[in-house]
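S.K.: Shown below is the structure under consideration.
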Amino acid sequence: MSYIEKIDPELFEAIKNEADRQEHKLNLIASENYASRAVMEAQGSIMTNKYAEGYSGKRYYGGCDFVDVAENLAIARAKELFGAKYVNVQPHSGSGANMAVYFSVLQPGDTILSMDLSHGGHLSHGSPVSFSGKLYNIVPYGVSKETEALDYDELLKLAKECKPRMIVCGASAYPRVIDFKRFREIADEVGAYLLADIAHIAGLVVAGVHPSPVPYADFVTTTTHKTLRGPRGGMIISKTEELAIGVNKAVFPGIQGGPLMHIIAAKAVAFKEAMSEEFRQDQDQTVKNAKVLCSCLKQKGFDIVSGGTDNHLMLVNLNNMNITGKDAEAALSKAGIIANKNTVPFETRSPFVTSGVRLGTPSCTTRGMKEKEMELVADYIEAAIKNSENDALLSEINIKVRDLCLKFPVYE
């Protein structure tokens, strides 16, 4: 870091302040986590200097011997982790991975059946403001009004009506187990491709604490950060060699040029870390922590979407607390708790205001927090949201949160 301090003190100050924020604030953003020092070292390595258009053994540049080693390691480890045959580790992001899958088998105007963003889906699954919503005919599905969970019978009915070319399952704010086998059956009924986007739950999947879509989906996409605790990036698993060939062409030269070899090296490191028993235990603890936090909030009168959680996150509908998601996020931030406002199923407010907050336990679990700490966190959340305009009290909670964080440092 001394090089940055010497050359660019302004940026150094921002990085230093961000490090302080990460250490002393409690992060409950479900899509964030803390990468290991080894992962960050790989990201900052000399691999960043190398252009490597193409694929291992078939590059458009010379001097790729060692970046080939890095990419081959990442691919082999991903195959082992996920029990997959065909893997592409070059996508720069999860959205890019989804784009490559779409481009590999779909034509503009084809119908995609995917989860509505306001019900827990993702922008890249067909939101009107995303490329996916502009290029394809999107038919959204959502959760049941009664259970706030997926209704697979209704989903089958909708699939038969719209006859999609592709069905997308996976979400960014869905707290329940996804039945990938049932999705496969529905896709087969209508002759559709099945894409499973497991960006949020990939770590849980490789640890065996959430069912895997790999045996069922034609394509599986994921980010490599979030629960996988790797660098920011994407990955695609294809079911057959034929599909994999199409995906590889869609990634390069379809939507990308040179791969980010320093990021691919960091992916290799993260995949090796994810093979450890410690990682498996952390993923198991992540779910345990989410269940305890969820249960404590329910006992305090909070309305939990779908009544609970099976994974690393929960959605809190704040309508019964007479506060918006935006205001709750602001109050929590003043209390030292970082979360994000989120739409809830059958939302009536703007996405910039929302009626809910999304809470996740990956980051606090990586710090070493367990069930006992989640009970404390629930107390802090309750106090902050129920006293959202009491700045003095929010400052007191902030001190308690800071003290808690100091007991569980991110980086020793």
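A Cβ is built for glycine as well, from the same backbone N, Cα and C atoms used for every other residue.
When I checked Swiss-Prot for this same protein, it listed these features:
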type	residues	note
BINDING	L117, G121, H122, L123, E242, S350, P351, F352	(6S)-5,6,7,8-tetrahydrofolate binding site
SITE	H225	site 'Plays an important role in substrate specificity'
MOD_RES	K226	N6-(pyridoxal phosphate)lysine
S.K.: Once the chains shown are all counted, how many other Cβ atoms turn up within 10 Å of the Cβ of G121 ((6S)-5,6,7,8-tetrahydrofolate binding site)?
M.R.: 25
S.K.: For the recorded positions H122, K226, which Cβ has the most other Cβ atoms within 10 Å, all shown protein chains included?
M.R.: K226
S.K.: Over all shown protein chains, what is the count of other CB atoms within 10 A of the CB belonging to H225 (site 'Plays an important role in substrate specificity')?
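M.R.: For H225 (site 'Plays an important role in substrate specificity'), the 10 Å Cβ neighbour count is 27.
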S.K.: Identify, among the binding-site residues L117, L123, the residue whose Cβ has the fewest other Cβ atoms within 10 Å in this structure.
M.R.: L123
S.K.: Once near-sequence residues are set aside, which residues in the chain of S350 ((6S)-5,6,7,8-tetrahydrofolate binding site), 6 or more away, have Cβ atoms under 8 Å from its Cβ?
M.R.: none
S.K.: In three-state terms from DSSP, label L117 ((6S)-5,6,7,8-tetrahydrofolate binding site) for me.
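M.R.: In the DSSP reduction, L117 ((6S)-5,6,7,8-tetrahydrofolate binding site) maps to helix.
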S.K.: Could you state the CA-to-CA distance between F352 ((6S)-5,6,7,8-tetrahydrofolate binding site) and H225 (site 'Plays an important role in substrate specificity') to the nearest Å?
M.R.: 25
S.K.: Would you work out the biggest C-alpha to C-alpha distance among L117, G121, H122, L123, E242, S350, P351, F352, the residues that bind (6S)-5,6,7,8-tetrahydrofolate according to the record, and give it in angstrom as a whole number?
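M.R.: If we measure all Cα pairs in L117, G121, H122, L123, E242, S350, P351, F352, the largest is 43 Å.
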S.K.: How many Å lie between the Cα of P351 ((6S)-5,6,7,8-tetrahydrofolate binding site) and the Cα of the residue listed as 'N6-(pyridoxal phosphate)lysine'?
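M.R.: Pair distance, Cα basis, whole Å: 22 Å.
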S.K.: Tell me whether P351 ((6S)-5,6,7,8-tetrahydrofolate binding site) sits in a helix, a strand or coil according to DSSP.
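M.R.: Its secondary structure by DSSP: coil.
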S.K.: To the nearest whole angstrom, state the Cα distance for the pair L117 ((6S)-5,6,7,8-tetrahydrofolate binding site) and K226 (N6-(pyridoxal phosphate)lysine).
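M.R.: Just about 19 Å between their Cα atoms.
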S.K.: Over all shown protein chains, what is the count of other CB atoms within 10 A of the CB belonging to F352 ((6S)-5,6,7,8-tetrahydrofolate binding site)?
M.R.: 9
